Every structure is written in C-alpha cells, then in structure tokens.
Amino acid sequence: MKQIYMDNNATTRVKPEVLDAMLPFFKEQFGNPSSVHWAGRMVSGAVEKARQQVADLINCSPAEVVFLSCGSEGDNYAIKGTADALKEKGNHIITTAVEHPAVLETCEHLEKNGYDVTYLKVDRDGMLDLQALEDAITDKTILLSVMWANNETGNLFPIEEIGKIAKKYKVRFHTDAVQAVGKIPVDVQACNVDMAVISGHKIGAPKGVGAMYIRRGTRLTRFMHGGHQERNRRAGTHNVAGIVGLGVACELAKKNLESEYEYVRKLRDKLEKGILETVPDVKLNGHPNPDLRLPNTLNVSFNYIEGESLLLYFDMKGIAASSGSACTSGSLEPSHVMGAMCVDVVLAHSSTRFSLGADNTEEDIDYVLQELPPIVQRLREMSPLYNRDDETPLTCDECRVIRRV
Amino acid sequence: MYTDKVMDHFSNPRNVGEIDNADGVGEVGNASCGDIMKIFLKVEDNIIKDVKFKTFGCGAAIATSSMVTEMAIGKTIDEALILTNEAVAEALDGLPPAKMHCSNLAADALHEAIKDYKEQHS
C-alpha cells in the first residue's frame, strides 16, 4: 500500500544527510565534549560547529544558542526562567489562547503560583489584534510570549510588529518558533526577539534535541541544574549526535529555504484548491490569505463527520494526517485552537490537518484528492448530522475562551 | 489502539442507515463531546426484527453502534433492554480505556429507541 505522510507538523523523517552526519558520533566519536582528553576534544568542535549552523539559520551569534532536549523544554525554560528572574519587576505575562500546550500549561502553572496571565484572543481567522496586545501591557508585564507560527492552522503571527511593540514598552519577547523555523525565514534580530525556541525533529533532525536563542544579556533563572554545560545555562551532558544532526538540518534548511517554500507551497495550494472545489461543506481553518500561513499547512473541517474516524479511514489508504477532534487530542474537548477561533464545535471535531513536506510529490496530492471525497461521503452517509432537518445544536457560544483581556 | 473486531466493525459497519416509519427511534450524545448515535428499530410481536444506526463519532463510536445492531436483532424487547454498554464493548474484545466513557453509548441509544417504541405502542 502507498504510504503518504502529510503530518510533518507533528514530526518529520530524519534527513539522510542528517543521519549520515550523526552516525560517527555513535561510534568512534563517542566522547563527552566537556572532557579535556582526546575523546572529548574529538567532539567538542562538532557541538560548536552545530551552534554556528543554528545561529546562521536564525541570524544570531553562536554564543546566543543553547542546546536543549526539545521544544517544550525551551518554552518551559523561557517562561519559568523569566518569571523567576524578573519577579521583582512584575508578575504579569501576556500570551495567546492558541499557543502550544508547552506554553499554555506553563502559564497555567505560573498562575497557580501568583502570576497573572493574559491570554489574547484571536479572531475567526485565527489572527491577533495587535492593539489589544499593546493595551494588555502594564507596568507589571515581564514577558510577551507569542508563537511564530501556529501548529494547527499554520497561521503566521506578525512577529516583527510584535517585536516593535515589545521594544517600545521594553517587555521581554519570547517566541515558540518550532513550526516556523525551516519553513519560512526566521530572523531573531530583525524581529527584536529575546528568546526563540527550535525543535530538531520538526526540521529533519531526530527527536530529543532542540535549541533556544537567548539574546545576549537576557537574565534567565536556570531550569536544569547540574553541570556547567552551555555556559551554565543548561546542565546535562550534550546529546552530541542529536546536536550535530540539528546543526546539519539547520544548514540544509537555510540552503533550501526558498526552493522548498515554493515547492511545498505549490503542493499545498493544489491540495487546498482541490479539496475546496471537490468536497462540499468544507471549511478552511486559518487565515484565508495563504501568504499569512506556513507554506506546508492546510487545516480544513469536513462538516458532519468526526476527525478520528476520518483519520482512520485515511490511514487504511496509507494517508497520514492529523485532527483536532477530542478523540485525537487526548482530552474531552476538541482543539483549543479551533475553540479560540470560535469554530463551531462539530467543525472543530472534524478539523483535519495536512502538513506537507519536501518529500511529498504532486502524485501524492493527486492520490489524496482521489481517495478523500469518497471517504468523506461514506462517513457522511453514516452521520446523523448529515442532511439533518433540525439545526445541529451548540455553536460559537460554547467555545472555550480561556480568559478575556 | 483498537482490537481487530473494532476495526472490522469500524471499516465494515453493519446496518448503517435509517428505517422508514421506524417503530422506535433513539438518539444519545451531543456534538460537544463529539459523539452522537441514532438508532432506528423495527419491532414485530415484541421481537426486534431490524435495527439501523447513524453515528457521528470516532472509530469506537461507529464500531459499538455497528455491534449493538447485530446484538439486538432477533432479541425480544426485554432481552434488548438488559444489553449493556459493557457487553457491547466486550463483544468487540474491549475498547481502549479512554474510549470506555465517551464513545460507548450504543446500548444507551438502543434503550432510548426501545423507550420510544414503548411510548408509541402503549
């Protein structure tokens, strides 16, 4: 059976060049880069080379790059580290209602410990009101945390403009750039970002490695205590092979950024157009202007059917995608991102994300466009909501809004 | 995640559809939770002659709906009333723990349909 992978926002295949570069570090180059002897010296250069590769991709100094275990660690470190380091200055954090759980849950944790958090709402297209963001800033605000790109919709937030606001009010600015890096240009200096988080496995490096940009001079309370690695900013023996892989993945991303953007975007646009034209009762989730979304992401709701069923039927045809339904989110509620966008609850349960990669081909798109309509129709024929006379209950009022500004 | 039996009933659901002039119709669940099951009954001489279902929901919701229709056909009203959600799940060789609560409503839908039948024919 065909295997068509369209879940690259969840994770990516390790690129062959990345794996090749990593392999020696499981064999002869096994040393601990903190050691002074030959085995340590053999690998310390590799870690520093990777640091440079990461820095080159996001336009910062290598001394501002810290290696970590994953994106969630970076978000935890940035938020908790700031909350503690700046607690004398204030206790207010501003973020958005559509962040990754690594940010949301961390903020919710801080709320239980005396911090105030503002969760900015988004509109129906999933976009922020920058005036509301500016208005939310008080003299107690110590951190602004806004993701660069949304993992579910692919929406891009105006990071450069938010950076200007952060600068104007002298508020520290953290961005979860996990979905943006490698897909679109990310320049932390141009956008006045103080901290940005990167995850290896989203860009063709393995799972278990990430990096964080911490602008020089940013005071941050340590998250991981222990050894003196990473200039005392992150204890723990370096995951040398993973770090080398991340470095190579960043170098490849920089080299191929423009061509892959064009290529993947063309495929995504074809898939989007094909679905919207051939399947009735489909809603696009995210900003209708494709320039304001990641080039690889398409999120659509197939009305009247539930996401997990759809994914399982896709899976039987070898198509891997993801859904914002409650059954796939591991909670009792559908996606908080759909909720924040006031997407009708049935549509939220039927939201389906296709996240493409450079490995996808035009044939893949044709195959999905051929297999998808009958699957949707079959599930609709099974659904008591399809061709229903009475209105389906529960609309926008039910949506989960975490808190008003 | 799902047993072979669940996947069988999910990929080839039995008795999907509606019954025109059904003797009883029952619906449970709500869109908010992501599961709605509707059951249609044909009853003759107190025996369930035919059952059809329509379900909005996950793999477990569709599989339990399909299974309950198979289990109910041929039973008397009273026998069908003692069918439990647990028995349906068991007949499918079990459901993942997370699904036991939200998606296992098929017997409830059947009971609602029987209740509707009784109200119409009392």
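From the backbone N, Cα and C atoms, a Cβ is placed for every residue, glycine too.
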Per TrEMBL, member of A:Gln52, A:Gln131, A:Gln179 binding pyridoxal 5'-phosphate alongside A:Gly71, A:Ser72, A:Asn151, A:Ser199, A:Gly200, A:His201, A:Thr237: A:Gln179
Judged by the number of other CB atoms within 10 angstroms, which among A:Ser72, A:Gln179 is the least packed of the binding-site residues? A:Ser72
Chain B neighbours, taken from recorded positions A:Asn151, A:Ser199, A:Gly200, A:His201, A:Cys327 with C-beta distance under 8 angstroms, are A:Cys327
Among the binding-site residues A:Asn151, A:Ser199, A:Thr237, the one whose Cβ has the most other Cβ atoms within 10 Å is A:Ser199
Does DSSP give A:Cys327 (active site, cysteine persulfide intermediate) helix, strand or coil? helix
A:His201 (pyridoxal 5'-phosphate binding site) to A:Cys327 (active site, cysteine persulfide intermediate), Cα to Cα, whole Å, comes out at 24
